[in-house]
Every structure is written in C-alpha cells, then in structure tokens.
Amino acid sequence: ELEESEKFYVGQPRVLLLIYALYNTLVARSEMVCYFVIILNHMISASMITLVLPILIFLWAMLSVPRPSKRFWMTAIVYTEVAIVIKYFFQFGFFPWNKHVDYTKDKPYHPPNIIGIEKKEGYVHYDLVQLLALFFHRSILKCHGLWDEDEKGDSSSNKEDTDDELSLTGGRRDSSASLKSVNLAASVESIHVHFPEQQTAIRRKSSSSISQLSHRSSFSSHRSKRGKCSTSTRNSSQKGSSVLSIKQKSRKELLMEKFREQMIKAKAFTIKKTLQVYVPIRQFFYNLIHPDYSAVTDVYVLMFLADTVDFIIIVFGFWAFGKHSAAADITSSLSEDQVPEAFLVMVLIQFGTMVVDRALYLKKTVMGKVIFQVILVFGIHFWMFFILPGVTERKFSQNTVAQLWYFVKCVYFGLSAYQIRCGYPTRVLGNFLTKSYNYVNLFLFQGFRLVPFLTELRAVMDWVWTDTTLSLSSWICVEDIYAHIFILKCWRESEKRYPQPRGQKKKKVVKYGMGGMIIVLLICIVWFPLLFMSLIKSVAGITNKPLDVSITITLGGYQPIFTMSAQQNQLKSLDPNEFNDFLRSYRGNTAALQFLEGYAREDITRADLEGNSNSLWTISPPSRKKMIQGLLDFDADFTLVISWTIQRTLEEVYPYYIKAPSDSLAKPIKQLLRGMSPDNGKQRMWENITVSLVKNTSEEWWVLNQLGKRQKTPQESLELFIFSDKVSPPSLGFLAGYGIMGLYASVVLVIGKFVREFFSGISHSIMFEELPNVDRILKLCTDIFLVRETGELELEEDLYAKLIFLYRSPETMIKWTREKT
C-alpha cells in the first residue's frame, strides 16, 4: 500500500505536487507562519494591545528549547481572543472618542490609538487571521502528539488542594533542575506569620498555643485546620480574659494587633505570588544560559546582513525617521552641508548595535547576548511605537519605511534568538567569505576589502575582543597575508578547473571577453564627464522657464527713469509657427543656427513688458536740472544703465535676446545678430528704443517704446526673448554641480590612480604573487587561527614567527610553494 501510495503521488501533475510541497512546508514551519502573522498584525495595527505578543515571541517562544510550550500557545490564543472582544466592545458609538474619528484617527498620541481601541474599518481582520493561524498550528501539534507532552509534569501540581502545597511542589520541582539556590518553600517558610508576644500571662499562654499550632501545621496543614486552631485559641483567650479583665488590652490595641497580623499575611502572600512568577522566569533564562546540551550553530553572517539591510534602509529612507513627511534623498541634504538629526541618530544606533553584536560574537558570551537581546527588544519596540510617532508626527502604520525597517529588525531578532538557543560556535576561523575557493567568493571578498575602513575596523575589533599574544601590527600582518593567500588560492583553483594547454594561444572568448570589457570600461571612465555633462541636460534636463523678468533703466546714475516687470500672462512661449519663422530669419547666419541647436521651442520665452513705467519719476529739482544739462552737452559721454537680474552697463541701448543660464548671470546673446550697423559697419545686436517723458499735472513718468519688435503692437512696449538653459534633475544635481573639470579631477583622476597601481609595480610583487601552490601557507594561517581559539598562545607566537621567517626567506618560500609531485 505504501508503494502504491508513493506511485500515486509521483504520477500526479507537477502543479499538484508543487501544492503538496508548499503545504508540507507550511505544516513543517507552521510556528513561523504564526510568528509572521503576529508581527504583520502588529506592523499594521501598531498598538499596545498587539505589542505584547511580538515581545513574547522574541523573549519566550523563540528562546524555548526545543520548541515553544503549550503554555505559550494557549497564552497567544487566549490573548488574541480577548483582544478581539475588547476591540469589538469599543467599536460602539456611545464612547466619547468615537464621535470624532475623522479628526483623531491620524493623531499618533491619541490614547485610543495608542491602546488600540479606536473605531475603524476592518479593525479585527488581521486578528482573525492571527487566530486562524494559531488554531492551525495547534491542530498540527495535536496531530503529531506534541500538544500535551510538555505539560505532563504540571498535571500533578494542578490537583493539589491548597496554595501552600502548590508552592511547595513548584519550588521542589524547580529547584531539582539546576537552580538549586532558590527554594520557594524555604523562602515562604522563612516569612511565616509569627504573632508578637503578649504582656499578660493569659496572652502569653494563648500566643504560645498559637505558635505551637502554627509550627505543628506548617505548610502541610489546610487553611481550615488553621482556622479551627485560631478559633479555639481565641475562645481560650476569651475565657482567660474574664478572669483577668483588668490586664486585658483595649479595643484599639487589639485592632492594631489584628491589622499587623493581616499586613504580615498580605506580605507573605505577595512575596509568595512574586516568587511564583519570578522563579520560573529565572529558571527559564538560567537553563537557556547553562543548557544541558548545545547544538552549536553560527548565524552571525545572516544577522550582519540583516543589520546591513537596515543600515541601507536608514540611509535611503532617512526622511521617514524625522519630521519631514515628503520623500527626500540623503545626497541633496549632504550637498547642502546639512546632516539631519534623525538620520545621524539612527545611523549611530544601528552602527553601535552592529559593533556590540560583533563583540559578543567574538567573546562567545551567551549571557551577554541574552541581556543584549532583552534590552534591544524592549528598546526598539519602545522607540518605534512610542517615540518615533511623536518625532515624525504620524502613526507607525502610516510610515512605510519604518515598517520595512522594523520587519527586517524582526528577522534579526529571530536569528539572534536562534543563536542564543543553539549557542555560539567554539571556534571562529577566518572570514565567512573564505570558506570556498571559487569566483563568487573571490569577487565578494575583494569587494568586501574595497569598502572603506571596513577591513581595518573588523581587524581592530577582532584583535580587541580575541585572546592573543600578537600585537596589533602583527595581527594586521597575519590578516593581510591570509587575505592575499586566499586570493591566490582562488586563482590557482580556477586554473585547475579551467586549464590552459601549454603552447596554445589564448582563446578569443577570453581575450575579447575580459580584454574588451576592460577597454570599454576604461574608455567610459575617460570620457564619462563629457558624456555625462552633455547628456544630463539634453536628454534628462528639465526646462527652467523664468517666472519674472524685470527691466530697470537709469540715465547717468540718476533716479531710475523706467522700472517694469513681466509675470504670468506676460511671459509667453512661442507656438510652432512663430518658432519656425524665428529659425528661418537666421537661415544664413551659421553662428546663430549653431547656437539655436541647443534650444528647443519650450526653452524660449517672450516677455512683453508694458511701455509705461510702473513707478513715478521722483527726481529732485537740482538733480533734474543737472541731468538736463548733461543731455544737452553732446560732447560729453552720458551712460545708459539697463539692469536685469544683475546690473550691467551696455555700450548700446537695448538687448533683444537674453540668455538665462543655470547660474544667476544673465547676459545678451552675441550669436543672434540682425546685420551690420549702417554707420560704422559694426555688428548690431541691440534694438533702438524711444524714450519720452509724460507729464500729468504734478506727476510725471517715462514711456519707452521698442521700434523693431517681432510682435507688432500699437501701444508702447518692450519685447525681450529669454533663452533658458536646461538644468539637471534634482537627483543628479549634486554630481552635475562639479562641472566637467570637477568631474575629471574627482572621478577620472582618482579612478585612474587605482588603475595605474594595478598596471605598475608588478615587478616588485612577483615573489609573492607567482606562487604555484599556496596550500601550505594557507594551512599555516589557519593553524594560527586554530591555536588562538584553543588558547595555545605560546604556539601562536611560534607559528607567527614561522610565517614571518617564511616571507623573509625567498628560498624557503620557493620550497614551500612548489607543486606537489
């Protein structure tokens, strides 16, 4: 039957087999599905109600050996059910905060939003999915008989009649494991209630009887028996008091005595309940730090990758951790010499946790990792769900970047819990990228070494937190030799896999593949600035049209006679017919056509300025008289100053075409010439204008009119053509701002220096590069790492001296690196 069943499943379609495989994967990792749904629910809801279960996952479930107990899953199921009921109850409209939902739904510190009882659509959808996942996992455990196996020891304790007996058995069971220093029974017995001695003989007799009864009963007696004993002693004391009524205490003293007795009992009850909670938690973490067996594993690389992804998220999405709600990029902020505070804080915290995690990994201290895990779980959740919403002024559920960062951090928490549960490896040998000798490891390792300061920082941290007798310089020397030998080993292995027959020329695939790629790369680097500056504005450039064109004309430094601005409707773009006529007018002018090739129709703006000045001429009478005298003197020079954006003095009268480059300097265009001046044959690029003074009673102003206008209008006006240069996109502005020479100096020359080092100085490194067989040197480096991990520090010094001698002796190096025969 089993063979037939197997044949039946093998004969099914591949799609159905894929579904079977996915279902089996889901069943095998059903607890991971529950964790994912719980974390997803918390990311979307982000409230105190949903915060409890994620913390329990990282500090209880994932740390449990070998798997989470039934108590955890029952806690998660019951808590989810209670949360659903609470959320449903607070959806009714008679609650005050539900009357203004639209106003308070986006407030991060609104109490119902923090607690998670706000009224909203789909408030319970993810909770129901979470409950469904928990019940699915419960059914899987029941099917495999894993639901009740960890609760067999607790069934007997639940059948005890009194709380005292429960505490005794619980304390005895806990202390029998490994935490022998904590004895719950002894702790509770040490705080047993003892009544104070009485002053009268009758009271002393009664109190002694009480103490005898209490000592006789201890914790093994029932409360009913203690009640009967108390009643009998109370009756005996009442009989004695009838005989010696004079010495009896007052009612107030009896009440105070009774109050003290109740306080002592309450104290004993509180301590007992506290110990019942504290002792299992302490025992849980004690067993975690001191396990009976340890399945050693190493997931530090995955934790480091998760932290690296979080670091990248912070760099490219730093705006999500500050007050700015609009998306931005870090390059634009850094180009303005501004470091956002939120970006700085998040980067430092992320980098600090990576350094601490590396230190714990090198020291192999599980206790430190547990403490770090607890602090980090509580700290991250407090920061992300209570501090960050106040900083960003928006809810966590509305911050997509923060949600992504938190999800990756949850992956890190899961890996960290797995590392704690399994224990650190006993030996840390070399880099994780040096485990195999192939092209992938080779290029990844070289890329790792190219990251600025990463190799140096890793080497110094390893030296600080590793027991060794080597100095820092010797340590770095060993690391450099090991890295160099690993690279040579990868090349030697590649030569063995793809051997080159002797006496045969290199294949064209290799020559044109590798050589051609290097040629193209070098050409691109050399011509990158020219291509970049040429294409960034012509292809990806953005039209930068003027928003305001202002003209100011001043005669001889006196009060300005004309001031006018053009905005909005007065700034017009050329239609296709006008643009074509404009180009045809310069058909025979080569310089003008060459200039116009760099501009499209949308880059040209025609500004129509009103001929009447928009300000009155408020010149003083003495200055007016002096200016008239200067105008009447034809032998003297009288300057005319025309200002636009930046003030300039022109030899002629009025510029017709203005170029508005990306910087602030606007200047006339010399290439667009209208012909020759008839009087002296000079090139003419300005138009004539008429200037007249209009007087109306006591007020007067100037009127200017341009004679040669393309747009013929009857009223007095000025016409001006503005050619706007395209500007680079904001995302590439930081790079385009360097200019061509800046890019050559900062990019081409720097890269050229590294390329030159690769092609020059090869003769000095032949002795250390051309090593046929590096296995023995690689084994020597690995032996140094091994004896260091085992604590053989004297042997470490001897092997290091041997390595240094090997590099100092060329003959020995030749013997060590010969091919094995």
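Cβ from N, Cα, C; glycine included.
As annotated by TrEMBL, domain 'Piezo transmembrane helical unit' applies to 28-148. As annotated by TrEMBL, domain 'Piezo non-specific cation channel cap' applies to 649-819. Residues or ranges marked as region 'Disordered' by TrEMBL: 149-174, 199-243. Among the features that TrEMBL reports, transmembrane segment is placed at 33-60, 72-90, 299-322, 342-361, 370-392, 404-424, 436-452, 472-491, 512-536, 732-755.
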Outside the transmembrane segment (472-491), six or more residues from its ends: residues with CB under 8 Å to it:
430-431, 434, 437-439, 441-442, 445-446, 449, 455, 459-460, 462-463, 768-769, 771, 774-775, 777-778, 781, 784, 800, 803-804, 807
For the transmembrane segment (370-392), could you work out the same-chain residues 6 or more beyond its ends whose Cβ comes under 8 Å from its Cβ atoms?
46, 51, 54-55, 58-59, 108-109, 114, 285, 288-289, 320-323, 325, 342, 353, 356-357, 360, 399, 402, 406, 409, 413, 416-417, 420
Quick check on the domain 'Piezo transmembrane helical unit' (28-148): DSSP residue counts for helix, strand, coil, in that order please.
82 helix, 0 strand, 39 coil
Same-chain residues near the transmembrane segment (299-322), Cβ under 8 Å, at least 6 residues beyond its ends:
328-330, 340-343, 345-347, 350-351, 353-354, 357, 361, 388, 391-392, 399-402, 404-405, 408-409, 411-412, 415-416, 418-419, 432
Check the domain 'Piezo non-specific cation channel cap' (649-819) for me and report the mean pLDDT.
72
